[in-house]
Amino acid sequence: MLPHPSGDVPASRRPFLTPHTLHSSSRVLENLEQTVVSSFGTLESQPDFQTPEFEEFNGKPDSLFFNDGQRRIDFVLVYEDESRKETNKKGSNEKQRRKRRAYESNLICGGLQLEATRSILDDKLVFVKVHAPWEVLCTYAEIMHIKLPLKPNDLKTRTSAFGNFSWFTKVLQVDESIIKPEQEFFTAPFEKNRMNDFYIQDRDTFFNPATRSRIVYFILCRIKYQVRDNVKKFGINKLVSSGIYKAAFPLHDCNFSHKSEDLSCPNERYLLYREWAHPRSIYKKQPLDLIRKYYGEKIGIYFAWLGYYTQMLLLAAVVGVACFLYGYVNQNNCTWSKEVCHPDIGGKIIMCPQCDRLCPFWKLNITCESSKKLCIFDSFGTLVFAVFMGVWVTLFLEFWKRRQAELEYEWDTVELQQEEQARPEYEARCTHVVINEITQEEERVPFTTWGKCIRITLCASAVLFWILLIIASVIGIIVYRLSVFIVFSAKLPKNFNGTDPIQKYLTPQTATSITASLISFIIIMILNTIYEKVAIMITNFELPRTQTDYENSLTMKMFLFQFVNYYSSCFYIAFFKGKFVGYPGDPVYWLGKYRNEECDPGGCLLELTTQLTIIMGGKAIWNNIQEVLLPWVKNLIGRCRTVSRAEKIAPRWEQDYHLQPMGKLGLFYEYLEMIIQFGFVTLFVASFPLAPLLALVNNILEIRVDAWKMTTQYRRMVPEKAQDIGAWQPIMQGIAILAVVTNAMIIAFTSDMIPRLVYYWSFSVPPYGDHTHYTMEGYINNTLSYFNIADFKNRSKGNPYSGLEKHTTCRYRDFRYPPGHPQEYKHNIYYWHVIAAKLAFIIVMEVGDVYFEIVDKHIIYSVKFFISYAIPDVSKSTKSKIKREKYLTQKLLHENHLKDVTKNMGVIAERMVEVVDNNLRPKLE
């Protein structure tokens, strides 16, 4: 296709761009719709299609332009030539060819310019390059309400409070000599009739490549290719999904490993790889402005959020490590652990069997090592860290909202006005005619109100079924725990001699916990993989109208499933295991068969820590390996297929075609992975203070892995606008609220901190204790109740223990009266003190202080409100910029328009006076 001398298509070739059709956005869209022939049902037989002309590859692999070197390639469409297919289904292929010809003809009629080039490596492939002329860009920039520069930002940049440490922060910053800072502008929605008011120095650079691609994609999604039975079919997405086109994508600007030979190329992909994705830049801050400029705001705000989350994790990780070290250093001073390990105390305490028939009696000191580990995690530092994390999560959410507001202004998404299009899948099924309540006009919808209710019911039932399936898998894990514990209790050594390393660390409780956690992790990953596909099928059946509705619907389904899938086992260990076991003479049974499992004498906190470590660490390792290997292997296979023709120089569009597509939901899975991790960091952090450290290390790698994928392994995504992180923000707020409750419950009911404090302050001294001063000595003996072996039921008799000797009683973990007491085996006074203390702790954590004069308000929630007030969502400097921009918009656009109107009115008034004067003068004469 020969270029027009002006660089644009002649007016006769772009009917919707004639002067009388450019007065309003709606008029342009109406004319765009009219580019489709009215008899489109028979369009396939039309002989007068406008088609792109074929051009040979000019041998310039780094070129981003048509063969004329003037018109920039804004988008690339790829299809397989039906005439050269090996298996040529004539009828089907001809039908596809006609639809494609109709679509390309309408693109040309719509003002776009096309140039086709056959593949160098595979002659069956054809690449159609798309260029949007200046007039088209201006027209659609106004339709899409794209904000463009009015004038440079003249507000002074405030100096940083950390200016004295610039020598240190400079090391972390991106080198400004390599990636130059973007010039800041005041912007306003573009208007063609106010073009002179905008900051246009060069038409070729006024619209950057990302904006050009977004505009072209907007057009591609709205051009029709068929109208049959009054149902309009249009959009490139539908054509790609049906196989008419193989791919559609914007181009990378250069190779990631070296600069382009074209001196006019900005080499942004190369700069991103060097200063962002390369491992040597792992310690540097992200070049967010360049990420946003190259990939668009939607990807930019994801990396901005991930980077900000990672920065905040640094503080949480430091405090978490400090609390862990506090517990580690003081573990040798843990009095109750010493009593467990002491041969004259723990070595002489005979514990009751924890299952029927096969489980033996056992000595308390075989749990010596686990009690030492428990001292590390179940310490005073844990309580401090749980309270700190409640404040931390509030600070993170509030500061992020503030940072997000700044990005909204800097990236021109404060007033995002673009109307979102309906999904092609939705439009294709619009067969029912209904009356719109607002316009009172007929419109087509995919199903009736009754049909919509049926779909919602079926979708909700499917989601509920899968959630119940997860709960069933959790019950299966519980049954496994109960069954395998019997085996481990019978097979593992029963006497502790302190020399056998296996016996020292591998107790029945530990073996059961580790194997159950591993099996739970495997089941979680399997169900996760299956449900991802099921959730997409359910959402597709639900048929949301827009892409945002689709993503929000899928987000809620996936998160609800993932929440139950990942966290159910942790909730079970934290709040249910060992809580309803009865006592040895009257145990509680699952399903009337399996005896409910008990916690270690030190509690279930260590097992919860083990579960979190395995699931969180295993998930992080698996995801990072998967994210690196899968795209790399797929691209490697693709390169191997074309190795025989590798000596040929391939153009930029062909190199990009052989990369992997990111997919519409690519970013969705990245968010989901991080939000699940956010839940682990906040919901159960009281049991695992090292969780923020693991998350920090994972996120540092995650940022660079994601950057590496996008710059080296994936095609360039279509830039999209995004004002915020979407539905993930309220999900995080919900997790933050739930985290206050779960951590308070863990400390109160899972940890042994409250019973120890009750013993120290009340039961170690008179009237309940025998010591003269407050102490932890005697804690273990005081918290283990006695049971008469003769009182065992038939199913518990005959438990083997060769060294039972003269013992007639055994001990178990509970607060009950001993045998022979008038209220034997009933809860004693210690139990009720502990319950009261636990409830008091929950109240203290949940209810505000009287000094705040707030009734039934949570302390941490009160802090949340205070922080929300103290830290406004929008900073003062950002507010100033927004006000300045609105002022300039009003001044430059509206006042100038008013001056023009006033000037025109003055001219009209003078002409009217002249006309009246000329008409009156003859009469007077």
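Heads up, the Cβ atoms here are built off N, Cα and C, so glycines get one too.
All annotation found in TrEMBL is predicted automatically rather than curated by experts.
Copied over from TrEMBL, here are the features:
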DOMAIN    65-288  domain 'Anoctamin dimerisation'
DOMAIN    291-885  domain 'Anoctamin transmembrane'
TRANSMEM  302-329  transmembrane segment
TRANSMEM  463-490  transmembrane segment
TRANSMEM  510-531  transmembrane segment
TRANSMEM  558-576  transmembrane segment
TRANSMEM  675-701  transmembrane segment
TRANSMEM  725-749  transmembrane segment
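Remark: the transmembrane segment (302-329) makes no contact with the transmembrane segment (558-576), by the rule of 3 or more CB pairs under 8 A. Per-residue pLDDT, averaged over the domain 'Anoctamin dimerisation' (65-288), rounds to 84. Within the same chain, residues 370, 466, 469-470, 473, 477, 480-481, 484-485, 488, 492, 558, 561-562, 565-566, 569, 597, 607, 610-611, 614-615, 618-619, 622 sit at least 6 positions outside the transmembrane segment (510-531) and bring their C-beta atoms closer than 8 Å to a C-beta of that stretch.
A Cβ distance under 8 Å defines the sequence-distant neighbours of the transmembrane segment (725-749), meaning residues of its chain 6+ beyond its ends; these are 301-302, 305, 382-383, 386, 389-390, 393-394, 397, 404, 548, 551-552, 555-556, 559, 574-575, 579, 605, 608, 671, 675, 678-679, 682-687, 838-839, 841-842, 845-846, 858, 860-861.
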